[in-house]
Amino acid sequence: MILHLQRLLLDPYEVVDIRSELLACHKIVYPSDGHIGTTALMVVQGSLKSDPSVALNHVVYTCTEDGKNRHLTIFRSFNAEEALDFCRRCDECRVLFNLLDQKKDIRRPVWDVTYMIKNHPLWRMVHIAILCNRTDIFSDEGIECIKKFGYSVDDLTNVVCSPEGKYPLMLAIEKQQESIVRFLLKNGANPGARDPKGNNSLHYAALASASMLETLWHFESCKPLLNSKNNDGETPTRVAFQNLNPLCLKTLLGFGGELMLKASDKNPLFELMQSKGKTVEMIRVVLEASPGVLNERDLATGNTCLHAALFKTSLMSVLHLKHTELDLNSKNKAGLTPLHQFVIAGDFGLTMCIASYGADLNVPADYSKMSALHLAVSQRNLEITRLLLSLGADPNPVNSHGDTPRHMAAKLNEFELLKSLIICGAKRCPATKIGCVSGCVDNKALRAIKKPSSSMPIIVPDAKKSPTSLVEELENRTFSKEMLRYNKILDAEHNSIYNEMIGVLNEKNEDENSSIINILSLDGGGIRGLVITQIMLEVERVMGESIFEYFDWVAGTSTGSLVAAGLASGQTLRELQRVYIRFKDLVFDNRRPHNTAVLETFIQEELGKDKLLIDLEWPRLLFTTTKADYFPVQLELMRNYTLPTTDDENLELGFKNSEKLYLWKALRRSSAAPTFFSAVDNKYIDGGIISNNPSLELLQEVQFWNSFNKLKNIPKSVRIGCLLSIGTGSIPSTKLEPAHLELAQNYITQPITSYNAVITIGQILIDQVSATEGAPVHRAGAWCISSRTPYFRLSAPLHKEVQMDAKGDEEIAKMMWDCIEYMYIHQDYVEKVCTLLRKVGKSSKRREFFASCNNYTTNPSTPVK
């Protein structure tokens, strides 16, 4: 008996009879209302004979032979969740069990089904039936039977399997199952349907056998496919030739297949899209000479030039030049958009590139209704899944079978995929969904599973958390016990100030024009401006609406000023996110300093060449720059407002009139990082040299505004209801070598020591000069405590130090995902921010409070270029 048990545990999928009297000693775990002898598929729980304290779970299939019940244990596990999940997956293919010929030994066909379910967790019943050669399903009697289980003929003929993208007819041809092939064709299967590589059924038959080709040739619907081409431009005859299959080749030639097709005029743009060389200028020349080739399609596959792209450089070039004239979501004859194809191919760069130009992330494929997220999950591609979620893909799309990406990730038993989807809001399946496993099953069903009918206490040897408990922890965020942000003293102070402000706001009338304002500070950091946009997107997700319109005053340095200007110009955070991804590809050229002309052109194209800083009338904007034409250098603030006084007094108080300053020029001044970009007008460099975290400058600006109004007896003093400071990410700490902190006494005899010291000390100085974390955060927090101002700081810890001019797609995407995880963990903190912003209210109702302050014209005669 012990040897028999060991054998069962060594192969948990072996199909073995279990006696009724032995089964009666087990407790039913699932379904909770099941009964031994009447329930076809169930999970029962017993214990080891050698150790009664250890639970062993069986998936049991019950059938009737000669009027008697026969019980088979088809899967075993010490883990109850594994057994439950496998049982639910078998339940999805229940019809394959019910149609078994009871007159024969059914153990082998049962094992065939369970083996396929194990190896192909995303396949539907029809695909498993084909691989198991279940001809009983593909018959007139079989159709009548499957209709009783809710299936239709269409479910047998037009269901694409994941992740391969093959139709049932293609699988049957591959497996040489001619009777099933004939049945499918007679019942409406489309032989011209294409897989993601553009192959149709005749391409598959060319790889199968001559007899399979003969079978297909009897059907008129197959004959027009004889010289059809796949994505590689190959016909079935060429496929047989390349596969060195003389019988298939002879058969196809006999049908009239052409081995040497006549040369056709190939679209030159398609050729360039598949070239890795320097194609930018070539594409420009071709499009100028023949603009009509831009929207031509391949006649065989329906592919556009975007579908044809194999390299990011060529795709980026044609999109940069002509994206407004292209349909980024056009579908080929396989029903796939370019994005779908890139995801299926697992090409990260192409996926990120086309998404950055606004491709619809949620458009479904024609036949399967699979979104790009479905496809990424089915391919088990964690990186592309996270990229799509970071870029705003809907986490809850439903395909033609009612499957969500979460359902697929759960069936694949891919916890990191499941975790990523849950973090971004993926929901559990509805109660009516069949085939769910513990990671996606409806909450009501989950509760039933967690309360099996067994009252016997069972000790499970594995002490680790189960997948279900990990999933529930993620969903309920039970790990998110509010951690200390500074220390217990400072945290207590900030919480007290927050509660005070909530109390003040609760006492105010909602319709009352309040002098309490919200202010926003955005750090500098180059491409890490994507951290700002991702954090703000996550705040908006919690808020349920745009947050920028809640702020009266916004300060930005360098990349922070770009974000502020974009939002003030009416762009959305998603649009800005895409701008940044395009920015890194077009502006950063792997050499420092980067081309300043390209940067200026990019800013002008995105935000306007003739727009002035003062044209952004609201909210109040404050951008930092460093005036470096004299030593010591000085911080200069650029504003879209002045004080309510004369021009002379404004100038005397440091409020330069910006009525002649172009917006793009102001942004260039703020972001002219030394060694990265040239100085502006030979005197302005990046504001981050002095104020990379402009929180203190913003606080000082509000304080000065109040002081000025007090001195002038103007009753327009304001109180800060919320300061939200958003950073560009904190980098991990790394150890420094003490020996690298001191210069050698004799640099000639010890040049390496001196060199290391110079490099290390230089890095320290640059880090501290442009610091956004640490001391600047604590100083701003201290100021807010002293003035009883609610202060919130959001800045995600990054997986590595991401350089200001980083352009690697995977590195940038990982940085964006760091932000999503950080914001999910700290959602309680984010909810406090949102509560306070709502209490203070939108800034539009306070705009009149500052109306008289913008006392200059917005139409200068000679703007500064």
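Backbone N, Cα and C atoms are what each Cβ position is placed from, and that goes for glycine too.
The active site, nucleophile feature in TrEMBL is assigned to SER558. According to its DSSP assignment, SER558 (active site, nucleophile) is coil. SER558 (active site, nucleophile): 34 other CB atoms within 10 A of its CB, across all protein chains.
Summarising the annotation, TrEMBL assigns active site, proton acceptor to ASP686. The 10 Å shell around the Cβ of ASP686 (active site, proton acceptor) contains 30 further Cβ atoms across the protein chains shown.
Positions annotated as domain 'PNPLA' by TrEMBL: 520-699.
Note on the repeat 'ANK' (164-196): its mean pLDDT in the predicted model is 94. The repeat 'ANK' annotation in TrEMBL covers 164-196 (among others).
Through the fold, the repeat 'ANK' (334-366) approaches residues 163, 165, 193-196, 198, 301-302, 304, 306-307, 309, 311-312, 315-316, 319, 323, 328, 372-373, 375-376, 379, 381, 383-384, 387-388, 391-394, 397, 399, 578, 581-582, 585, 809-810, 813 of its own chain, all at least 6 residues removed from its boundaries and within a Cβ separation under 8 Å. Residues annotated as repeat 'ANK' in TrEMBL: 334-366 (among others).
Same-chain residues lying 6+ beyond the ends of the repeat 'ANK' (368-400) with a Cβ under 8 Å from its Cβ atoms: 122, 159-160, 162-163, 165, 335, 339-340, 343-344, 346, 348, 351-352, 355, 361-362, 406, 408-409, 412, 414, 416-417, 420-421, 424-427, 534, 537, 574, 577-578, 810, 813, 816-817, 820. The repeat 'ANK' feature in TrEMBL is assigned to 368-400 (among others).
Under the heading repeat 'ANK', TrEMBL lists 401-426 (among others). Sequence-distant neighbours of the repeat 'ANK' (401-426) (same chain, 6+ residues past either end, Cβ-Cβ under 8 Å): 85, 89, 121-122, 124, 159, 162, 371, 373-374, 376-378, 380, 382, 385-386, 389, 395, 433, 435-441, 467, 470-471, 474-475, 541, 817, 820-821, 824.
What TrEMBL lists as motif 'GXGXXG' is 524-529. Taking H, G and I as helix, E and B as strand and the rest as coil, DSSP gives the motif 'GXGXXG' (524-529) the counts 4 helix, 0 strand, 2 coil.
Residues or ranges marked as motif 'GXSXG' by TrEMBL: 556-560.
Within the chain, the motif 'GXGXXG' (524-529) has long-range Cβ neighbours (under 8 A, six or more residues past its boundaries) at 556-563, 580, 583-584, 588, 670-671, 673, 676, 686-688, 692-693, 727-729, 770, 772, 802-807, 812, 815. Here the repeat 'ANK' (334-366) has, by DSSP, the following mix of helix, strand and coil residues: 17 helix, 0 strand, 16 coil.
The CA atom of SER558 (active site, nucleophile) is located 6 Å away from the CA atom of ASP686 (active site, proton acceptor).
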